[in-house]
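Working notes, beginning with the structure itself.
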Amino acid sequence: MSGLFETLGRRALFAFDAEQAHGLSIAGLKTGLVTCGAPNDPALSVKVAGLQFPNPLGMAAGYDKNAEVPDALLKLGFGFTEIGTITPRPQSGNPRPRIFRLVEDRAVINRLGFNNEGHDAAFKRLSQRAGKSGIVGVNIGANKDAEDRIADYVAGIRRFYQLARYFTVNISSPNTPGLRNLQARDSLRELLSRVLEARNEEGKMCTLKRPVFLKIAPDLANEELDDIAAEATEQKLDGIIISNTTLSRAGLKSAENRDETGGLSGAPLFDRSTIVLARMRERVGPDMPLIGVGGVDSAETALTKIKAGADLVQLYTGLIYRGPNLPAEIVRGLSAAVKREGVTNIAALRDRDTKDWARRELSA
């Protein structure tokens with residue numbers, strides 16, 4: 001079935017503009033007719049940041065920006081899904097066209113700019129699924145014109161605290177001017193301090209401690225990774241997601257669209273994001289949860305992320321090229337890998353190749 005989608009379904013969707021195709025796929029999931037889940041395998045269940053995930057594969061933020069189809073995504077076989085990025089006020093993002101396919105590279109360049117319907121719309125939709133099972137995280141961001149961007153992140157924590165199973169603080173999108181500056185040590189210290197203070201205050205009121213993850217860029221120098229690791233450890237952050245899209249265009253084959261401005265995702269991001277993942281694992285040690293994102297499009301690439309240091313993995317662009325059967329295909333492949341490797345749980349495979357990946361050189 002996956003092969004059938006790649007030849008027929010993808011051809012049909014790719015006849016549309018990339019953003020139109022995205023809207024059509026959301027509409028398709030809303031029908032409830034697309035269900036391709038894999039059976040639960042206890043060997044894939046992992047406990048991360050106090051949450052029990054049925055399997056380590058998640059849907060990355062960016063697809064379900066406005067919390068329209070979280071449960072439909074879980075039915076595809078994902079162990080968790082992440083909505084957003086959500087900003088306090090609605091914003092339209094950057095002018096169209098702003099999503100570009102690089103088919104030969106199985107990649108996408110986007111410069112969306114946090115287009116979303118805002119807190120109110122997402123809150124209303126998530127409230128309708130309150131009490132349902134399934135781990136749904138909320139990825140929070142800042143409005144482009146915010147005078148105090150950190151206040152926007154704090155507002156996200158407070159608004160969605162009862163509904164989110166975890167939060168992701170997104171300071172690594174390259175499409176909001178100046179946003180990545182929040183990754184600098186002094187700015188990051190203030191950001192994490194205020195966000196975690198809000199989390200702790202909300203947690204005391206309802207006796208629930210929601211994990212907070214930080215999503216970082218793959219274009220950071222080793223010294224910048226040092227600073228992020230130190231600050232995350234010092235402030236007892238719950239985990240780090242590695243990584244967002246890259247500004248690098250190293251090794252691309254596609255002639256069409258390669259020079260478009262924006263962040264690159266998909267297969268070409270795999271090596272870079274995995275190297276940064278491994279380097280961060282070496283810096284934070286064995287206890288801090290890390291989530292690997294970037295170029296995951298098969299059980300093999302998901303397993304490679306885990307062996308490089310990831311507790312969980314996420315994908316998005318792979319779904320564009322491989323179709324809705326991909327999550328179940330990966331989950332089945334990970335089950336087979338656990339048996340093949342002779343371990344009782346997927347977590348036992350983490351860090352097996354961390355040193356090797358951390359030593360690799362990043363392409364310019």
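Even glycines carry a Cβ here, placed using N, Cα and C.
Residues or ranges marked as active site, nucleophile in Swiss-Prot (evidence: sequence analysis): Ser173. The annotation FMN binding site is assigned in Swiss-Prot to Ala61, Gly62, Tyr63, Asp64, Lys65, Thr85, Asn139, Asn170, Lys215, Ser243, Gly266, Gly295, Tyr316, Thr317 on the grounds of sequence analysis. If you look up Swiss-Prot, you'll see Lys65, Asn110, Arg111, Leu112, Gly113, Phe114, Asn170, Asn175, Asn244, Thr245 marked as substrate binding site, on the strength of sequence analysis.
This view paints the features noted in Swiss-Prot onto the structure.
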residue: Ala61; record: FMN binding site; contacts (Cβ under 8 Å, 6+ apart): Glu82, Ile83, Gly84, Thr85, Gly137, Asn139, Thr168, Asn170, Lys215, Tyr316
residue: Tyr63; record: FMN binding site; contacts (Cβ under 8 Å, 6+ apart): His22, Leu73, Tyr316, Leu319
residue: Lys65; record: FMN binding site; contacts (Cβ under 8 Å, 6+ apart): Ile83, Gly84, Thr85, Ile86, Asn115, Asn116, Glu117
residue: Arg111; record: substrate binding site; contacts (Cβ under 8 Å, 6+ apart): Asn94, Arg98, Pro174, Asn175, Glu260, Thr261, Gly262, Gly263
residue: Gly113; record: substrate binding site; contacts (Cβ under 8 Å, 6+ apart): Gln91, Gly93, Asn94, Arg98, Lys144, Ser173, Asn175, Thr176
residue: Asn244; record: substrate binding site; contacts (Cβ under 8 Å, 6+ apart): Asn170, Ser172, Ser173, Pro174, Lys215, Ile216, Ala217, Pro218, Gly263, Val293
residue: Gly266; record: FMN binding site; contacts (Cβ under 8 Å, 6+ apart): Leu102, Asp105, Arg106, Ala107, Val108, Gly295, Asp297, Thr317, Gly318, Ile320, Tyr321
Can you count the other CB atoms that lie within 10 A of the CB of Asn139 (FMN binding site)?
26
Largest separation between Cα atoms (Å) of residues that the record links to substrate, namely Lys65, Asn110, Arg111, Leu112, Gly113, Phe114, Asn170, Asn175, Asn244, Thr245:
16
Just to verify: the residue among Asn170, Ser173, Lys215, Tyr316 with the fewest other Cβ atoms within 10 Å, which of the recorded positions is it?
Tyr316
Would you give the longest CA-CA distance, in whole angstrom, between residues of Ala61, Gly62, Tyr63, Asp64, Lys65, Thr85, Asn139, Asn170, Lys215, Ser243, Gly266, Gly295, Tyr316, Thr317, the set recorded as binding FMN?
20
Neighbours of the substrate site Lys65, Asn110, Arg111, Leu112, Gly113, Phe114, Asn170, Asn175, Asn244, Thr245: Cβ within 8 Å of the Cβ centroid, same chain, sequence order.
Gly62, Thr85, Gly93, Ser173, Pro174, Thr176, Gly262, Gly263
